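J.: Sequence annotations record features per position, and here Swiss-Prot assigns region 'Disordered' to 1-21. As annotated by Swiss-Prot, N6-(pyridoxal phosphate)lysine applies to Lys111, with the evidence given as similarity to another entry. Residues or ranges marked as pyridoxal 5'-phosphate binding site by Swiss-Prot on the basis of similarity to another entry: Asn138, Gly239, Glu240, Gly241, Ser242, Leu243, Ser368.
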Amino acid sequence: MADYLRQVMPENDSDSEALPRKSEQASLAWAEYTANFEMGLESSKLKNNKNMPEAFLLPNGYPDYLRLILTSRVYDVVTETPLTPVVNISNRLGCKVLLKREDLQPVFSFKLRGAYNKMAHLDPRDCWRGVVTYSTGNHAQGVAYSARKLRIPATIVMPSGTPDIMHMNVSRLGGSVILHGADLDTAKAEAERLEKIYNLISIPPLDDPYVIAGHGTIGMELLHQISSKNLEAVFCCAGEGSLIAGIGIYLKRIAPHVNIIGVEMHNPKATVKSLEGVKYTTLKDAGLFARCATVKTAGRESYRIFQEVVSEVIEVTMDETFGATKDIFEDTRAIIEPAGALVLAGLKKWVSQNPSVNQDRCLVAIASGANVDFDHLRLITERASIAENKGGLHEINGVSRNEEPYLLS
């Protein structure tokens with residue numbers, strides 16, 4: 001890696017201070033989303049990259065993500081998260097299954113990586129203005145934590161129905177929380193209004209090159225922690241795409257034989273449709289999970305990267321997801337949020353569809369976070385048990401499926 005850095009980093013000159021600094025240790029919703037985009041793909045490229053140093057752009061104008069990942073600032077605040085073997089599941093599936101434990105981050109989510117990397121690359125002369133973002137929880141906590149570390153005022157707009165555990169943690173971390181609107185699109189509109197009125201700096205939860213590169217450091221860590229020889233596939237939540245795009249673009253450059261598998265809930269099909277077709281797709285109705293965390297469409301930059309790096313997308317049901325939550329607990333005694341547990345559910349389904357006699361093959365699932373509202377633990381455990389015995393139920397003891405979107409935020 002040192003050799004690579006010597007090749008790609010420009011020589012010291014008068015402009016060198018404007019370049020992203022290399023971390024001393026650099027030798028990743030349910031993913032956030034918004035359904036509304038006003039930009040075409042080309043204009044998106046120009047907008048996202050207009051303030052990026054030329055040395056970090058490829059000849060075609062797109063970001064050089066390998067260089068951005070290698071020079072990421074995330075290790076100012078995060079440590080390399082462990083790869084935890086899940087022995088019972090491995091024995092059951094006949095292969096080696098590992099969890100990448102992003103739930104062990106300071107804010108219990110991979111989102112800290114992207115938020116901090118973006119904010120650490122802001123011009124220090126502008127930071128006094130403060131930052132603003134919109135989120136259902138995990139990105140909000142990442143921004144609030146980063147803002148405290150970097151001493152930048154932060155305003156976070158969250159939907160009114162955001163679980164208490166989310167907005168209270170954001171406030172505890174020092175963020176100024178505004179609860180506004182019924183969904184993330186409404187919160188996004190309010191954040192944009194505040195940005196214009198108060199001249200704040202926007203920290204988007206998705207589709208920003210520095211955010212994607214921050215999440216891509218997860219892929220870099222994987223290849224530090226495990227030999228790529230037997231690594232057959234890495235599974236992560238498809239969502240709006242910044243996580244899988246960042247991990248995928250690094251792994252495909254360094255270990256191109258590794259399959260990148262996205263996992264998505266059965267109802268939100270925007271990601272699957274976008275991957276299967278040539279057009280960028282936005283669904284009119286994302287279905288049951290639309291309150292806070294539904295993915296109506298992948299981010300535009302993430303969608304572009306999808307086409308290059310993602311092998312396939314597996315769909316799983318809510319009951320399969322809750323069953324995987326129980327599997328993880330039995331192996332690790334950790335409660336992973338359903339947005340992270342669905343990845344293991346997808347891994348299990350993929351193994352059943354792709355059997356192999358090779359017991360040395362290694363599969364990695366990205367456990368993206370552990371921000372679960374305590375009040376929903378009962379629903380998770382009961383649904384997991386029912387999924388095992390009876391195949392699911394519409395309503396359990398008065399807790400209906402209408403509450404499920406908040407489990408996935």
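Just so it is clear, glycine is given a Cβ too, placed from its N, Cα and C backbone atoms.
Help me understand the surroundings of these features in the structure.
T.: In the three-state DSSP reading, Lys111 (N6-(pyridoxal phosphate)lysine) counts as helix.
According to DSSP, Glu240 (pyridoxal 5'-phosphate binding site) sits in a coil region rather than a helix or strand.
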J.: Within 10 Å of Lys111 (N6-(pyridoxal phosphate)lysine) (Cα to Cα), which of the binding-site residues Gly239, Glu240, Gly241, Leu243, Ser368 do you find?
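T.: Near Lys111 (N6-(pyridoxal phosphate)lysine), where near means Cα within 10 Å, the binding-site residues are Leu243, Ser368.
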